[in-house]
Every structure is written in structure tokens, then in C-alpha cells.
């Protein structure tokens, strides 16, 4: 170990789910005693954060091999995505010094007065969501102020004939447009459908009802429309208010719309009956038309293209296992067990997609046709970019069933991340998970710190850390508190 430059540590800690000593290399440590997986995920966060701080501080993301900053055009000229995305993870892991320096950066440097076009969806889930969570966890007023300031900058995106927001917005001029590749100038279901939780909280914290009104109007537009077979197409034109192509996905372009229907109901302390009905009706249509079982017995969620199924499932779709399990308790009483079982089956399929690769990390998409099951067959679907959705589902399944296999599967992911994605300068995605040798993509995504590492830490921690009855996680894993009827008055009195 010393020859490899590793530090030898003697961890006298019993794992919560293994009684056997473990010998292996992880996080730059040689673990030669019982190991504690929550400690390991904290050390992974420290490695990711320290390298970001050292090589890319104040920039959006880190290139861990080049050891320099990386900027995505999703955020325009807004900087500091990794800092804002990681705030709540730092707080939850009690990385107090790191949280303090992140807060100071936000106070002094987080600037929204930029002449740049941003993705409304990405800025909302990462920046607004990250700031809201940081405020609710720490009580630091700067986070509330910045969240509301940014929320106000996003409001011009809703200036369309229907109120369905544009995907892209210049936050200085207020001019919006949609992605040029989207069907017939449409807005995208997963983008305009993934504003609800944050905007309800913005109204709650600012006392300004306009945020909640904007997202409730989206619901009204959707409820007026005919749904083909009860399904929601991925494309909706913001000018005509009509669906674009009849493509339906629970993965990319659709995914978090369904997640937010359920979570809006849970976050409302189960008073948002409209959100509840929309969610359970949608799940019924998904079960009827999209969920299938392979000849090898794996349950998967296909994609629907004008009535024809494509037997492909994306890594992004793997979040749905956790969603089905989280929604089981509110399902009609005869369906509760069924929804938990559905979550378990999706978790197993997604675990298989990891297990059937060389690197034990899942591909971007995997197929169930042409004689293959849970395997990527196209070169452009074989990459892994540090995505969290499979670990997210393990975390929900563990919390809701306490079946130890979910912690075992989470530990398999830790070992694979350490073996293949950890580099000297942080963590990098992989171009082909079926290859014998790593080809790194040289990006440490901000969501690796916000989601992947947070869900790992929660998976290996006690259930009373952010209990699900009190907190709802946005689609970037930022925890937002359940809003009780009397909470509004309390917030108003505090301001």
C-alpha cells in the first residue's frame, strides 16, 4: 500500500450491513478493517470537492484529468454550479469549513446579472433548488434572497401565449425560445413540468404568489388537453397549446414531470389532490402501455412513439423504481404492495444493467431486443457520466423496505466508481462501460456532488437523516420541506 502511495488507516467501525472485514482500496485508503460506507461516501465527496476547489473554484464544473474548469452552455454566464449544487451535501455531511467557504463565495460572487441564455430547467433544478435547500437546512438568509432573486429572473420565460414556458431564456433581455431540435418549436414535458416544487417554495418564502400561479397554470393547460391513451407526450407547443410528436418517455424528455406530480402532492402535506390524481392516472397508463417484461424476466419501461414501442430504457428512467416505491403508500389500498413490487423490479433491472458491463457501471441506455437484455447495443449509448438515478432508486428502496441487498448494490457502485471513475484530480465519466480499459470523458458533473454522492451517503446513513415524511427531494436531490398549512404564517412572521 505504501508503495502505491496510499494511506493505511485502521477503521474500527462496523458496517451497518456487513459483518465480514473487507480488504480493498477505496478513496485513496487501504481499508484493512471493518468499513463504514457512509464514511467512504463522505471521503469521496471530500476528494471531489477538494479538487474542484483546487482547480476550478468559482467555475461551473471541473475537468478532473485536465485539472481545469469546465463550463456548460446550460448555465450561460452564471458561474459556480458545482458550489451551489453541493451546498446541501456539504451541510448534510457536516463538512462545516467547506460549507462556510461555499456560503462566502455565494455571498460575494454569485451573480445573476449576466447577458446570457440559460436553460430554465437546469438553472431551476440546480441553482434555485440548491439555494432553497441550503436556506432550509442552514437558515442563512443569503440563500433565500438569492433563490428569490433568481426566481424573479426566470419569470419572463412564462411570457408565451399559453403560459407554458420557453426552454431557453436570456435573463438580461427576458427573451425566450425553444430548443431548435424540439418537435415543431415545442417546449419539453420534463422541463416545464419540473418547476413546480421550487416555484411553490419561492412563493412560500417570498410571500409573492406569482411563482405558484405560473406553475399551477401549467397544470390547467395540461388538464384541458386530450392525452393519447392517457399518456403525456414529451412535446407541447407553447403558442398553440397543442402536443407535438406523440413520443412518450419516462426517461429523458419526460421523466421528472411524473416525479413532480407525486412530490407536489407529498410536499403539500397530501393536500394537492390534483397532483395526486394526475400522478396515479399517469402511472396506470404507463403500466398498461409502457411497462413490459423481458423473456428473461426483467421488468422494464419502454418508450412509446406514436403507438409503437421502442424496447429501450435509459439510465435516466431508472429513477422510476424509487418513484413507484415512494408513491406506494398513497396508491389505492389494493395497489400499495404492487407499487412497491414494481419499484423493486425496476431496481433489479437497473442493477442488471450495471452488472452486465465490464466496469459494473450502467450505460446511458440499454435495450431489450435483438436477443439482448439490459445491454447497450449502440456505441453512443455505452457511456456513464456519473449519473445518480440507479443509486437514487436503491436509496428509496432501502428506506422503504430495508432489504439489505440495496445497500449491497450501492456498495458495488462505490467500488466501481472508485476503481474506474476516480482519478487524481477528482471523478470522471467513462466513454464505454463495456471496455476493458477506461477512456475518461474528463468531466466531473455538478450532479455527482449534488445527487450521486448524497444518495450514497443517505443510503448508508440512518433513516432519521432527512426523513421522507418531512422532506421531498427535487430532481437534483435538493431536499425541500413538506409544507404544512400553518407554515405560511410562520414564514411571513419571520420576514
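Glycine is treated like the rest: Cβ placed from N, Cα and C.
Quick caveat, the model's predicted, so the values are computed rather than measured.
Going by TrEMBL, these are the annotated features:
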type: ACT_SITE; residues: 122; note: active site, proton donor
type: ACT_SITE; residues: 255; note: active site
type: DISULFID; residues: 318-350; note: disulfide bond
type: ACT_SITE; residues: 364; note: active site, proton donor
type: ACT_SITE; residues: 389; note: active site
type: BINDING; residues: 475; note: Ca(2+) binding site
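Shown on the structure are the features that TrEMBL records.
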residue : record                    : Cβ contacts under 8 Å, 6 or more apart
122     : active site, proton donor : 74, 75
255     : active site               : 190, 249, 316, 317, 319, 320, 475
318     : disulfide bond            : 346, 350, 353, 362, 389, 390, 392, 393
364     : active site, proton donor : 314, 315, 376, 380, 381, 382, 383, 384, 385, 387
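The number of other Cβ atoms within 10 Å of the Cβ belonging to residue 350 (disulfide bond), over all protein chains shown, comes to 29.
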